[in-house]
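Peer 1: The structure under discussion is supplied below as structure tokens; questions concerning it will follow.
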């Protein structure tokens, strides 16, 4: 058997070089054609080499040779070189489909920002697909090493570039602050805030229904300010609590923000409340500060006034001179005698 195989290889070696020789000759023809000066579609000397139809056939044959097809077993290149292994191709297509879905979700959720609450399942899916590619490095030496061929086979490293873009966007939006620890669902605080946010917007819309048929925008939003005051205060209070909780959990990073969905929702509500509706809510902290300031201002007055009223008032005693005493006593004696 070994001898037969050796004979087959020795007898078939010229056929392996036939495509190379043919391709070399075709390239020489093309170089000769390119070197010819021409000013029109039919230039002198062109018919001596190849006609236009033959030139097209040469181009098609050259392309077929370069792609490894069209000649069957006589192909220059291995048939599997331009394409990936089936397993690697499947992993790449899974990542491509997941990336396309996540990209579409991110763009649709750009304004108003609903990135974290809408796209977190798709982000988890992309992370899983990327992890599958990274882990698939081939169990044996003969197995497909998809991680290397898909991630680091070229200078561009497009798969890694796309994955890093998603990760950096997710970190910039701080979506982890809106999700649970495993990132599979929204946190309780986020759900409560979004519920209050929707109720506040519904209150705004309900109290504006009477002005929808007016051609000019209304200038008086007293109904909105009066009826939605409690909802707005509850939303602001919950947002402040979430900020304090986030500050306690991230003492090492004092500038850590809440997730972009919560921040954008609160910014929208504040703009509607203060700029559009021109509503104002008296802050309880301001009242307390003013009261304490007035008390401290009048404290010295109260202190001096109370000390003056409750201090012991000593009566002044006049000391008469001796001469005055003797004269007064003598006058008294004369009065008694008369």
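Including glycine, each Cβ sits where the backbone N, Cα and C put it.
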Peer 1: If you check Swiss-Prot for phosphoserine, which of 40, 222, 326 comes up?
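Peer 2: According to Swiss-Prot, the phosphoserine annotation belongs to 326.
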Peer 1: Near residue 220 (N-linked glycosylation site), meaning Cα within 10 Å, which of 167, 234, 278 (glycosylation sites)?
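Peer 2: Final answer, ordered: 278.
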Peer 1: Could you round the CA separation between residue 278 (N-linked glycosylation site) and residue 267 (N-linked glycosylation site) to a whole angstrom and send it over?
Peer 2: 15
Peer 1: How many neighbouring Cβ atoms, not counting its own, are there within 10 Å of the Cβ of residue 97 (N-linked glycosylation site)?
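Peer 2: The answer is 13.
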Peer 1: Cα distance, residue 167 (N-linked glycosylation site) to residue 132 (N-linked glycosylation site), nearest Å?
Peer 2: 16
